[in-house]
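Listed features, source TrEMBL:
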- S191: active site (ACT_SITE)
- D348: active site (ACT_SITE)
- H378: active site (ACT_SITE)
- 109-266: domain 'Alpha/beta hydrolase fold-3' (DOMAIN)
- 321-381: domain 'Alpha/beta hydrolase fold-3' (DOMAIN)
Amino acid sequence: MRAAWVLLAAGAALSAYYVYLPLPGTVSDPWKLMLLDATFRAVQQTCHLIHYLRLSHHLIVLNYLICTFDKLKSVSSEDINITDAVFDGVEVRVFEPPAKGDERLKRSVVYIHGGGWALASARTSLYNNLCRIMAESLNAVVVSVEYRLVPEVCFPEQFHDALRATKHFLQPDVLAEYSVDPSRIAISGDSAGGNLAAAVCQQLSKDEHLTIRPKLQALIYPVLQAFDFNTPSYQQNMNMPVLPRYVMINYWIDYFNGNYDFAHSLLINNHTALDVGQALSFRGRLNWTSLLPSSFKKNYKPVIQTTGKAEIIQEIPALLDVRAVPLLAENETLQLQPKTYILTCENDVLRDDGVMYAKRLENAGVEVTLDHFDDCFHGCMIFTIWPTDFSAGIQTRNSYIKWLDENL
């Protein structure tokens, strides 16, 4: 009996050791965040073991587990009509609120989900719930894009899927079919979806043949650059739950179908060293010492290598392709962007991506709202359903929807 109690105590101690992470005192719901992160790490480790045994790609297994436990059937709720459609070969899920009185046209949001270009779905309960609440709160038609994922396809196919679906929806006859006001359309997304939304918005702004363009873009903790993995937020939050730095670097490598052997070189910015000629012309567009406020720079120092590995850019040229890294776009493109909302979280490696994009857009003359949350973490906005319900999720979602309601 005593041995059983010893084993039980040892198991409890090991579990607590695995779960516990030192977190900043400002993080909301810290123990719940630790449990979420521990669960995600355990699942990821299992998936990597399966990958190591060559039974399947770890991302396929991970996404299968996510969608198996979370996928919803395509059914209509009492208040919102939910249907699946295909826009120019791309699957989408459309959320339509009921008509109100003599109202003729509704506003609309094209939403692109996150997940490192490899995980999640427009059909999972997390995004299904978010888009349903958006449709109800805004009385808007929400189009959630089901782009193809890594490893089935890699860059630029996710970008092409999002662009094709959006351009199809912007056609006058399609908007008329869904009773959408062509002057009140936003494009939005979170994390990797924010990356795709920003890239698509830039592409649409340069398309001279388009007669209808988004009125707004709303980017939720977007990932916008792979030039510098040592911005202050990358340094400060390198081990933060949900999205530590090494995980984000691996997402980039997977997105580009690159070599994992480059991971360490990317981490120390060898791919953008001063002797890498392809990167020199972009350096001035991502100088965080001038783009970030002092409250974010703190005492962190830039990590700029004198000599690096030019072969990384040669093998993965997409690291400098603005369709993948919209923060590196030229000023002439930024000047064409619509009114913009960017939500950032203090406890997120991607904080500075959003803040720097906001500053560059402002410098280009674009009206920008930067909505920063000191107590929130990456991914929090979709975590509003039990058992992964966080106060940070409700707080950020409400602020995001409020801005859309006031500006769309």
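From the backbone N, Cα and C atoms, a Cβ is placed for every residue, glycine too.
Under DSSP, the residues of the domain 'Alpha/beta hydrolase fold-3' (321-381) split into helix, strand and coil as follows: 22 helix, 19 strand, 20 coil.
The two recorded residues, S191 (active site) and H378 (active site), show a Cα separation of 8 Å. For D348 (active site), the same-chain residues 6+ apart in sequence whose C-beta sits under 8 angstroms from its C-beta are Y221, S233, N237, M240, L243, C376, F377, H378.
Here the Cβ of S191 (active site) has 30 other Cβ atoms within 10 Å, regardless of which shown protein chain they belong to. Counting every protein chain shown, the number of other Cβ atoms lying within 10 Å of the Cβ of H378 (active site) is 25. Looking only at the domain 'Alpha/beta hydrolase fold-3' (109-266), the predicted model's pLDDT averages out at 96.
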